[in-house]
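Engineer: Structure incoming, see below.
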């Protein structure tokens, strides 16, 4: 039997039905969507400058941009409507830091989720052997939850800056020809940002998944089991002391009843001996 078949036969795929492994599989899938929709983006816009002198016009000015959104490096040429001169411009802004951080978190989260899922399925016994695996898993889960929150928030702000910088109406304001009222400048085509909006949504969904998975990973650690033992020990002591007190009370009650009966014994004998006086007196008579 080849090694792959041995691993498949030894793997317990039933672990995927448990919340711990199931959430890891979802994290893996959502991480792919997050870095694919952001890191694989490329878009563009189209502008039109119609000069008074039609020979100087340019009705199709294409401006393309893509990940990692270093917009200040995206240059393009536009007519000045003053002869054959051309004006070289560049977009405004740089959102590369937030975009690259977001994609980096997504890639590493994907790799860790993949490795953790394999461990849950094929090496579950070793994972729980000495409690080191759950502790490491718990710490990494907390760290990635924080990174997803920071990365998604930063990328949401970066995407907002990208939308402003690539707005055709904002780009037209950079052109000197469009500042003249007798020239006609139009926005022919705006960039499509649907995939970038989706990447932000998947970023916050990943944060929710990782934050929710903290509890299930914590249950695998020794901290959770030790806390349960700490809570159960005082309850056991309280119940044992209660039972012991009830037993003493019963024994005390039984002994009290017995002594009471013993004290009543002599009084009954005395009442039994009182008629003996008159009987002896009658006999003497």
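Note: Cβ is positioned from N, Cα and C throughout, glycine not excepted.
So TrEMBL has the following annotated:
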- 15-222: domain 'MARVEL' (DOMAIN)
- 21-42: transmembrane segment (TRANSMEM)
- 101-123: transmembrane segment (TRANSMEM)
- 135-156: transmembrane segment (TRANSMEM)
- 200-218: transmembrane segment (TRANSMEM)
- 240-285: region 'Disordered' (REGION)
- 244-263: compositional bias 'Low complexity' (COMPBIAS)
- 264-285: compositional bias 'Polar residues' (COMPBIAS)
Engineer: With the transmembrane segment (135-156) as the reference, which stretch in 21-42, 101-123, 200-218 has the largest tally of C-beta pairs below 8 Å?
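Structural biologist: Looking only at 21-42, 101-123, 200-218, the most contacts with the transmembrane segment (135-156) come from 200-218.
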Engineer: Checking distant contacts: for the transmembrane segment (21-42), what same-chain residues at least six beyond its ends satisfy Cβ-Cβ under 8 A?
Structural biologist: 15, 64-67, 99, 102-103, 106-107, 109-110, 113-114, 116-117, 120-121, 155, 195-196, 198-199, 202-203, 205-206, 209-210, 212-213, 216
Engineer: Would you mind giving the whole-number mean pLDDT across the domain 'MARVEL' (15-222)?
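Structural biologist: Averaged over the domain 'MARVEL' (15-222), per-residue pLDDT gives 91.
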